[in-house]
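Student: Got these off Swiss-Prot a minute ago, pasting:
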- B:41-148: domain 'HPt' (DOMAIN)
- B:M1: N-acetylmethionine (MOD_RES)
- B:H83: phosphohistidine (MOD_RES)
Amino acid sequence: MTRDQVAEELPNLAESKLTALVVDDSFVNQTIHQKLLNRLGIKNDVVTNGKEAVDVYCSGGNYDLILMDMDMPIMNGIQATKRLREMGIESKIAGVTTRANEGEKKEFMEAGLNDFQEKPLTISKLLSILHKLNFYVQT
Amino acid sequence: MNTIVVAQLQRQFQDYIVSLYQQGFLDNQFSELRKLQDEGTPDFVAEVVSLFFDDCSKLINTMSISLERPDNVDFKQVDSGVHQLKGSSSSVGARRVKNVCISFKECCDVQNREGCLRCLQQVDYEYKMLKTKLQDLFNLEKQILQAGGTIPQVDIN
């Protein structure tokens, strides 16, 4: 999708000043997810596991959207999502993982996700997440 | 700018990238990565695939160590490595590598050490083959740009 097509799809996205946190232990996925977010004008940061995500919030950080991988060392996505919700964090959390069997998806959703997408992420999938979570302003 | 030379290089590039898809080295996710590359990040695809090849090298080495002793194979560790490799190959569109990982996982699940060793050898071969192919592709890109041309958008559907 070109910048013009993205702008057509979400005309006010750039003005919304959304922020996102990428939580993934893979440098490949970190790079791709950050690029996707940059393409949509979403300011973002990255951490490499669930514990770092929790620590960011404990230190006062806050993001509109968290892209949460499931399999990570130290603290995985399910544990991190549960922990964040226990802390009262209301940021939207979208699980992104290659594990797609129904049981694993259910467990991840029940941890407190707002949405779920199978990797690999693309612009279309990210737009789908943003639409689902009402992250756009209609003119 | 020599327009004939540029046109020839662009044609060569198109034919080469189409052949990579047709031969199963790449899938649509690679196209998605190419769409993300722009003037601000002209080396984005090369950067991402370089990270992928680093992953391959590290994970293959770790899995090789786990599979070394027949009497003491850590299949959980191997499975973890295969999962990570499958994930990153899927993310860059490395289709053949991903497909080997699927077979590799099946061997792990039944704790078939010989099967795992065969898959390990195959995944090593496939990622190195892809690395060479993509290096040739990026060299063609460089040649086009040096000749004053632009990289063609290629529709592989």
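Using the three backbone atoms N, Cα and C, a Cβ is placed for every residue, glycine included.
Map the listed features onto the structure and describe their local environment.
Tutor: Under DSSP, residues within the domain 'HPt' (B:41-148) fall into helix, strand and coil as 91 helix, 2 strand, 15 coil.
Within the same chain, the residues at least 6 positions away from B:M1 (N-acetylmethionine) whose Cβ sits under 8 Å from its Cβ are B:A147, B:G148, B:G149, listed in sequence order.
Same-chain residues at least 6 positions away in sequence with a Cβ under 8 Å from that of B:H83 (phosphohistidine) are, in sequence order, B:K105.
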